[in-house]
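What Swiss-Prot annotates here:
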BINDING   C16, C18, C36, C39  Zn(2+) binding site
Amino acid sequence: MKAGIHPNYKKVMVKCACGNEFESGSVKDEVRVEICSACHPFYTGRQKFASAAGRVDKFNKKYGLK
């Protein structure tokens with residue numbers, strides 16, 4: 001690798017919208033995410049299938065399908 005052309009990789013705190021914070025590595029000073037493993041439905045086991053069914057019903061209603 002060439003010296004002096006790569007950004008400095010450092011440890012930073014990643015902050016989620018749910019309030020969870022964890023340490024990771026990045027070239028940025030601060031990292032903010034909307035969803036993390038602490039609040040993602042796949043990892044928490046609280047998956048919501050009703051929202052998908054609601055979208056299907058809305059589509060069927062819009063296009064007159066039964």
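Note that Cβ sites are derived from N, Cα and C of the backbone, with glycine treated the same way.
Note that the structure is a prediction, hence the values are computed from the model and not measured.
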Note: among binding-site residues C16, C18, C39, least Cβ-dense neighbourhood at 10 Å is C18
Give me the non-local Cβ neighbours of C36 (Zn(2+) binding site): same chain, 6+ apart in sequence, Cβ-Cβ under 8 Å, ordered along the sequence. V14, C16, C18, N20, F22
Cβ within 8 Å of the Zn(2+) site centroid (C16, C18, C36, C39 excluded): which residues? A17, G19, N20, V33, E34, I35, S37, A38, H40
